[in-house]
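These come from Swiss-Prot:
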{"type": "MOD_RES", "residues": "Thr2", "note": "N-acetylthreonine"}
{"type": "REPEAT", "residues": "96-131", "note": "repeat 'HEAT 1'"}
{"type": "REPEAT", "residues": "132-168", "note": "repeat 'HEAT 2'"}
{"type": "REPEAT", "residues": "240-276", "note": "repeat 'HEAT 3'"}
{"type": "REPEAT", "residues": "277-314", "note": "repeat 'HEAT 4'"}
{"type": "REPEAT", "residues": "316-353", "note": "repeat 'HEAT 5'"}
{"type": "REPEAT", "residues": "396-433", "note": "repeat 'HEAT 6'"}
{"type": "MOD_RES", "residues": "Lys494", "note": "N6-acetyllysine"}
Amino acid sequence: MTAAENVCYTLINVPMDSEPPSEISLKNDLEKGDVKSKTEALKKVIIMILNGEKLPGLLMTIIRFVLPLQDHTIKKLLLVFWEIVPKTTPDGRLLHEMILVCDAYRKDLQHPNEFIRGSTLRFLCKLKEAELLEPLMPAIRACLEHRHSYVRRNAVLAIYTIYRNFEHLIPDAPELIHDFLVNEKDASCKRNAFMMLIHADQDRALDYLSTCIDQVQTFGDILQLVIVELIYKVCHANPSERARFIRCIYNLLQSSSPAVKYEAAGTLVTLSSAPTAIKAAAQCYIDLIIKESDNNVKLIVLDRLIELKEHPAHERVLQDLVMDILRVLSTPDLEVRKKTLQLALDLVSSRNVEELVIVLKKEVIKTNNVSEHEDTDKYRQLLVRTLHSCSVRFPDMAANVIPVLMEFLSDSNEAAAADVLEFVREAIQRFDNLRMLIVEKMLEVFHAIKSVKIYRGALWILGEYCSTKDDIQSVMTEVRRSLGEIPIVESEIKKEAGELKPEEEITVGPVQKLVTEMGTYATQSALSSSRPTKKEEERPPLRGFLLDGDFFVAASLATTLTKIALRYVALVQEKKKQNSFVAEAMLLMATILHLGKSSLPKKPITDDDVDRISLCLKVLSECSPLMNDIFNKECRQSLSHMLSAKLEEEKLSQKKESEKRNVTVQPDDPISFMQLTAKNEMNCKEDQFQLSLLAAMGNTQRKEAADPLASKLNKVTQLTGFSDPVYAEAYVHVNQYDIVLDVLVVNQTSDTLQNCTLELATLGDLKLVEKPSPLTLAPHDFANIKANVKVASTENGIIFGNIVYDVSGAASDRNCVVLSDIHIDIMDYIQPATCTDAEFRQMWAEFEWENKVTVNTNIVDLNDYLQHILKSTNMKCLTPEKALSGYCGFMAANLYARSIFGEDALANVSIEKPIQQGPEAPVTGHIRIRAKSQGMALSLGDKINLSQKKNSI
């Protein structure tokens, strides 16, 4: 049921081409037909009555000829018939014929078959006529003592409904049900009886619970759930009762039912904020996550733990449970692991960080032993990032983490290796005492690195942080080892020439028998000459990168060689050794330049790389103090500034998060004492059971914006003109995965409009759930029609259609009014999200759909334009505020958002202020949007185009 509907309707479709049966033929079938004919006739009568027909002449026929039958199908249909048939005269008096029906009910309540008794009792719950129910009360009471539980539990429901609607018919119902509950053994019967007492006489329910509070654990789970609900409601309304029932909730945490444990833990948290209660509830949640196999359940319960953590008073308690929380990592689902690691990272403290790191190190090693899988690679990335964060927050742990992680620099998964490299770069800059260890480990794994991107980063780290003579010499040795024989061009040509000297091997292919056109056999053999080639894997890594045409790594190598050569010159006093080392570095650069300009590589060297290597050669040949400072001091300072800015940004975001969580109390705020609080003030807290029920029904209330333009009236769309015969307008109600159109249809003519039908169709990833039913509109009458549309993805959808109708008494064809299109706003499905720079770049490279939007706005300030775009698109700016502060005439920023369907949307804003056009010139530039699906990219682009210009107020 959607949020816009409060009533459940029964819709029975009748084929349009079928001819409606006449009352005479139905009467004949009901009187003289066999059981099968009577069954079909009764079905037709029910459908006709549901569609508005009265059929008063058939009532007595059904009472005389159908009601006495004992066929079970007939009896089921009769229950539906008696529910829908009009039972009163126009002035509200009960029809005389219903007295006969009442007697039939009484006989069914005394029927030996328990199903007929039970279904009759269920039917009586739906009756709204006290005169019909009054004669049946003794029979209903007697059903409480029936041997079968199906009859007894439906008898309880019937008594509860009758007591609620007509209390005078059974005034002693609470007492009767209480006595029944005390002696009842069946779980479902006890549950129904207890539920009735909760709503009809809560004091009796509490009295019963008090007498059996120690046996609650032995009850069935359905009864335990009701007991949890009762305790919550009682303590919510009257907090002084908490001490009386909290022990019962503690006991229910040990229930065998996961549902009971979950509800009991949630109730315990609301009843008590004592550390023991929070710990017990959290422990219960953790056990549920580990034992439940459904990943959706795991995620829901994890969210409860995260909510607990958000409360400052509970965070300290949860910190002691970090190791228990880490047991959840045994779950193979990546999303569960991701949430678990984030929760553990938020809760880790100096008391348990060592244990956390040990567990995470074991998990990292485990990922190396299992078969490679996409989720394994991503999980390894998550572990690396978590260890990275732990090491930054707790520097003492870095020494334990680094040796394990650096093994993964040689990993085939570039993303995980890149995360390790980022961690190593930050660790070597922050922790001076670990530099020797990191350099040593880096030299150990250097030759095994497979990815050119990781190789480039490792080169930079070695060039920047090798400070001793031995380390510098080791780097040069590793570079020579990775480069192979030099000069590269000559050695490659010799290798080629050397492979051509032996006679070309002649290989004979397999002999095949072929059938010629004449039907005879012909023998064919294939002689082929081939030259054996050496596998590329035998090449040293750096040589392989260069021959593949990746000369960006050569530019990085040139910078590294320059740094270590300048540092070697400063460390070693002997001129001969200085010149020898510098010459060796220059020789390596020169041979790479020579290779780049030859025809051997798959791609030639770029001009940028040539310029970089040439610059490094010039620096080494001149050795000026200025260039020495730039290479050996200012490069490191740049990294230091970048890491400091990043750390400051993280601290700022954490501060904002903690400010959101911490409830600030003003000096003049009143203090609430429980003993002095009025009873009605205690109910100010929201009832969690009521909220969850509303959420399940789709009736969750969204907080309306303070802006009056954001009210519901802003979502009303006019569908027809005021001069059209039928006026229509629609309120578009957006839920998470569906849209409800509440269409107001007004007949503006003096004629009766028959078969007035709203015909809708959709464009985009929208699906109409059901066709709205036709209706009849009196002159100047109006009606509301609801249509439900399912949404499957985030893209601009269009709903269009028309209203068709017949004019009563007119012989003309059907009339049609075309409706205006309804455009569905994708902003209802997009939420701001965050990701790392590396993830952004990776997604940017992977996503194939790009939409380039040209900036066309009246906004004159760069920052104002960016904020306007963020507000219009619901995206989050990933570029730090410091990078956007100041004024330089241009701006570049990265934006990111996720849809509720899990789709990612990236945007890059590149804008400038044309200074030559004056201070009032509007912002110009482009916004590039990338997404996995074409619909997302186009929809977001359309949204930006529509909202670029700021409305003047």
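Numbers here mean position along the shown chain, with the first residue as 1.
Glycine is treated like the rest: Cβ placed from N, Cα and C.
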In terms of DSSP three-state secondary structure, what is the assignment for Lys494 (N6-acetyllysine)?
helix
If you average pLDDT over the repeat 'HEAT 5' (316-353), what do you get?
90
Using a 10 Å radius around its CB, how many other CB atoms surround Lys494 (N6-acetyllysine)?
11
Write out how many residues of the repeat 'HEAT 3' (240-276) are helix, how many strand and how many coil, based on DSSP.
29 helix, 0 strand, 8 coil
What counts of helix, strand and coil residues does DSSP assign across the repeat 'HEAT 5' (316-353)?
28 helix, 0 strand, 10 coil
